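Undergrad: Quick one: the structure is below, and I'll ask about it shortly.
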Amino acid sequence: MSGKPAPAHRAVLLEEAVEALAVRPDGIYLDGTFGRGGHSGRILERLGPDGRLIALDRDPEAEAEAARRFGDDERFHFERCSFEMLQQVTDRLGISGRLDGVLLDLGVSSPQLDTPERGFSFMSDGPLDMRMDPESGESAAAWLARANEDEIAWVLKEYGEERFARRIARRIVETRQEMPLERTRQLAELIAEAVPFKERHKHPATRSFQAIRIRVNDELETLPRCLEQIPALLAPGGRLAVISFHSLEDRMVKRFLRDQAEGERLPRGLPVQGDARRGQTLRLVGRAIRAGEAELDQNPRARSAVLRVAERLA
């Protein structure tokens with residue numbers, strides 16, 4: 001029932017996120033981003049024998065970790081897929097509209113960043129891949145080899161908020177005419193050369209690597225498709241907790257939750273009672289939560305994390 005001991009990797013905002021779900025021992029919960037199972041493990045600790053946890057992730061290494069840690073726990077069920085498939089999974093399992101909580105921990109897990117072969121990080125050299133699912137889709141190297149300068153510049157500016165997007169895109173196109181871009185260190189050095197001055201405490205490739213990863217994994221397209229499904233899948237009183245790691249994601253989550261909480265204003269003159277709104281599905285729970293100093297001392301990557309919580313209305 002308890003699963004195997006958790007690995008050294010610790011999920012960001014672990015206690016805060018699980019606390020926000022207000023886990024009931026007999027509840028049904030869904031972890032849309034299993035990663036290495038930090039949040040799932042804590043949810044299972046709070047579930048009783050009649051509780052259920054469904055976890056999703058498109059990373060084959062996450063699937064292996066799920067089997068290793070929780071494969072013998074009858075309360076746990078894993079599906080290898082993107083969280084945009086959430087409703088298909090819950091429909092098939094017969095739990096749509098019955099979920100007591102959904103957790104989304106967006107972005108890249110620390111083990112993914114720390115594995116050079118995955119190609120997410122410029123801190124060590126590896127193949128320029130960046131795919132959450134390395135068995136499908138187009139790698140970062142393949143995209144950079146075919147995209148034109150305008151497309152690359154747009155991605156760097158829109159997804160990475162990179163002020164030197166055009167300079168970097170031009171350098172990428174010039175360089176690939178002489179040699180293929182296939183390694184993370186190769187790309188990081190190219191970007192560092194293209195950026196005219198450096199920000200303190202931030203590698204010049206940080207924004208570009210983020211932007212390319214978002215493009216390769218279609219992250220800002222899949223997120224709204226996932227969010228739109230969730231209100232109808234929650235039971236009344238069910239909670240949604242979302243952890244985002246950069247401003248584009250957080251703005252998207254904040255806007256979605258606000259719109260669901262405010263609903264649609266009805267035209268003046270209609271005979272309605274109370275607040276003249278319809279379509280309200282969620283209520284906001286508290287303010288946005290950020291990591292405390294103790295967690296930041298242990299995990300500096302938590303600095304940009306923001307947790308937002310909402311609850312399904314009856």
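Even glycines carry a Cβ here, placed using N, Cα and C.
From a predicted model like this one, the values you see are computed outputs, not experimental measurements.
The following feature annotations were taken from Swiss-Prot:
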BINDING   Gly37, Gly38, His39, Asp57, Phe83, Asp105, Gln112  S-adenosyl-L-methionine binding site
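Tell me about the surroundings of these features in the structure.
TA: DSSP classifies Asp105 (S-adenosyl-L-methionine binding site) as strand under the three-state reduction. In this view, Asp105 (S-adenosyl-L-methionine binding site) is surrounded by 24 other Cβ atoms within 10 Å of its Cβ, with every protein chain counted.
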Undergrad: Pairwise over Gly37, Gly38, His39, Asp57, Phe83, Asp105, Gln112, annotated as binding S-adenosyl-L-methionine, what's the top Cα to Cα distance to the nearest Å?
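TA: Pairwise Cα check on Gly37, Gly38, His39, Asp57, Phe83, Asp105, Gln112 gives a maximum of 18 Å.
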Undergrad: Across all protein chains in the structure, which of the binding-site residues Gly37, Gly38 has the highest Cβ count within 10 Å?
TA: Gly37
Undergrad: Tell me the Cβ neighbour count for His39 (S-adenosyl-L-methionine binding site), meaning other Cβ atoms within 10 Å of its Cβ, over all protein chains shown.
TA: 28
